[in-house]
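*Asks:* Let me give you the structure first, and then I'll get to my questions.
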Amino acid sequence: MYRIYTRTGDNGTTALFGGSRIDKDDIRVEAYGTVDELISQLGVCYASTRQAELRQELHAMQKMLFVLGAELASDQKGLTRLKQRIGEEDIQALEQLIDRNMAQSGPLKEFVIPGKNLASAQLHVARTLTRRLERILIAMGRTLTLRDEARRYINRLSDALFSMARIEETTPDVCA
């Protein structure tokens, strides 16, 4: 039988990828825990939209967040074993998505109040979770090394989610 519990965290510590242990209230755990929360919220967004292109983008974002989560959950030894990290090309892909979506949805004429439909509201929840993650990463970067690409990706991700919510709000007959 495969068990998902190890009992090693019962004392309030957790293992990083690489083997070292840290307290469960360490800012790194807060960061990768928020990444996990965001991945789950993007799954809710995926289930809420009927637009195939948005689903494809959301799934790609989830995969990149797993990459980020692995980096945040790694110690120095673990970092050397990672096969992938967020790079400049990932940031550029988000910028292209934002530009396409904003061109399609048109200029903003007023502040956006979330809730026009379920899918857009869920995307706005994901956007605010992303902003929280960004604040955590900024705080984390004050005491620990954090690659600039990771922080920049999260900054763009919140804008990408906003642009996707705008698509949901401005596309007729897509209310989920």
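Just so it is clear, glycine is given a Cβ too, placed from its N, Cα and C backbone atoms.
Heads up, here are the entries from Swiss-Prot:
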type	residues	note
BINDING	6-14, Lys24, 131-136, Asn155	ATP binding site
*Asks:* Within 10 angstroms of the C-beta of Ile136 (ATP binding site), what count of other C-beta atoms is obtained when all protein chains are considered?
*Replies:* 20
*Asks:* Which state, by DSSP, holds Ile136 (ATP binding site): helix, strand or coil?
*Replies:* helix
*Asks:* As a test of the contact definition, list every same-chain residue at least 6 positions from Thr6 (ATP binding site) whose Cβ is closer than 8 Å to its Cβ.
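*Replies:* Looking at Cβ-Cβ distances below 8 Å from Thr6 (ATP binding site), excluding near sequence neighbours, one finds none.
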*Asks:* For Leu133 (ATP binding site), which residues of its chain lie six or more apart in sequence with Cβ-Cβ distance below 8 Å?
*Replies:* Ala31, Thr34, Val35, Leu38, Ile154
